[in-house]
Amino acid sequence: MSFKDLRSFIDHLETNGELKRISHPVDPHLEMTEIADRVLRAKGPALLFENPVGNDMPVLANLFGTPKRVAMALGKEDPIALRDVGELLAFLKEPEPPSGFKDAIAKIPMFKQALNMPPKTVRNPPCQQVVKTGEEVDLTKLPIQHCWPGDVAPLVTWGLTITKGPRQKRQNLGIYRQQLLGKDKLIMRWLDHRGGALDFKDFKEKHPGERYPVVVALGADPVTILGAVTPVPDAMSEYAFAGLLRGERTEVCKALSCDLEVPATSEIILEGYIDPEEMAEEGPYGDHTGYYNETDSFPVFTVTHMTHRKDAIYHSTYTGRPPDEPAMLGVALNEVFVPILRKQYPEIIDFYLPPEGCSYRMAVISIRKQYPGHAKRVMMGAWSFLRQFMYTKFIVVVDEDVNCRDWNDVIWAITTRMDPKRDTVMIENTPIDYLDFASPVAGLGSKMGMDATNKWQGETDREWGTPIVMDEAVKQKVDAIWNDLGIDDAPTL
């Protein structure tokens, strides 16, 4: 099932008991965060605050607060089915020619999907039903959340930032937090390696001193939103990828102030520019680490046009110590990463980003080990293969007999199969998340790999231990007589 806009997804969630309307007045200043946090930790529904204090625009929160809802947004019923999305991405990243007639027939569905890639331009889009320009633009009238007591100002969190570089044909969609600075100004916090920042850098080099056009969409359809946080190939637009997932072309329209295309069914559109000379100090804000981050200087986004649907809905979230909404997104998108990694490294059995690790800072990988040093090769490959793992600080590699998603198994493997000196890899001066205050220098720190696999000849001179396993016939006999033993609640082994 696909959703043309955010509202149709809201209706679907409500029909399936996955959304709760809240009519009681709730303040966007701190109260919404506390309510959403409690509901998310209880694995509760998405929330539609219909009466935010001081505003008549409803606020949608906790939309992707469970992996199930992430899957539902992509037309799947179970997060494990998101591996289909990963298979598609793996194919797009490295398409292989058919090996024969049968293989060509088998690949037809993927080629059919590719026909849905180009976005479709529409006229009179819903996102431009109401148009405000000049003095009419007032961002303070939006119900922007002030998430934590120590936050410096309200923060736009789910803005889909649309940019285009002078060297690319495709547009880039990215999600970057934006601090409210004034009636028509936001601080665009994009890190240097992100698509929007790279587009801006290229533009400044080619057009020094000129204003850079930027558009931010709030409340786009769920597939387009998730396309912006998925490892789409660099040469492909997120609009094209959203069309592939949806099974029909993404509807876009031309922005009023520039040539950028925006999601036509979005709830709110902010259009404007970044002056390369205008910067501002951003933060501090509570973030996904569970701490307040340092302040730093980022470009200022000046909003010249604000358009929106009639009776628009403001889409928002908060970030904090896991679990939070980004952590739940990480759990769901974990299934997308597995086929992509397997395509490059077929020896990988499973891959896990534990949500406690702030979504991406730790990874556990199980492999079918084939030679001495294999675990170290996989570590290096994972760090290098996808941009999403550039900031992963810790990688643990285990054998296929270890469930990499079970901490009991992983800790057992670490403590019995590792020698700290021999099996630990330390790499200095690597890219690290700017928000990681534990690193000695902002944006630059070390990485640690742990080889918790069984060691082969050449990796150790000692006889390696043999795992204890009960005789299968004995286990079956005990199963047969268990009810006669009078022992209750026995685990099934």
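Glycine residues also receive a Cβ, built from the backbone N, Cα and C atoms like all the rest.
Noted in Swiss-Prot for the protein shown:
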ACT_SITE  Asp287  active site, proton donor
BINDING   Asn172, Glu238  Mn(2+) binding site
BINDING   Ile175, Tyr176, Arg177, Arg189, Trp190, Leu191, Arg194, Gly195  prenylated FMN binding site
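The structure, with features from Swiss-Prot marked on it.
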residue : record                      : CB count, 10 Å
Asn172  : Mn(2+) binding site         : 21
Ile175  : prenylated FMN binding site : 19
Tyr176  : prenylated FMN binding site : 23
Arg177  : prenylated FMN binding site : 21
Arg189  : prenylated FMN binding site : 21
Trp190  : prenylated FMN binding site : 21
Arg194  : prenylated FMN binding site : 18
Gly195  : prenylated FMN binding site : 23
Glu238  : Mn(2+) binding site         : 27
Asp287  : active site, proton donor   : 23
Original post:
What binding-site residues in the list Arg189, Leu191, Gly195 lie within 10 angstroms of Asn172 (Mn(2+) binding site), counting C-alpha atoms?
Top reply: Gly195
Original post:
In whole Å, how far is Glu238 (Mn(2+) binding site) from Leu191 (prenylated FMN binding site) when you measure between their Cα atoms?
Top reply: 19
Subject >> Between Tyr176 (prenylated FMN binding site) and Asp287 (active site, proton donor), the C-alpha gap once rounded to whole angstrom >> reply: 12
Original post:
What are the other residues, in sequence order, whose C-beta lies within 8 angstroms of the center of the C-beta atoms of Ile175, Tyr176, Arg177, Arg189, Trp190, Leu191, Arg194, Gly195 at the prenylated FMN site?
Top reply: Thr161, Gly174, Met188, Gly196, Ala197
Original post:
Near the Cβ of Leu191 (prenylated FMN binding site), how many other Cβ atoms are there if near means within 10 Å?
Top reply: 17
Original post:
How far is it from Arg177 (prenylated FMN binding site) to Asp287 (active site, proton donor), counting Cα to Cα, in Å?
Top reply: 10
Original post:
According to DSSP, does Glu238 (Mn(2+) binding site) fall in a helix, a strand, or coil?
Top reply: helix
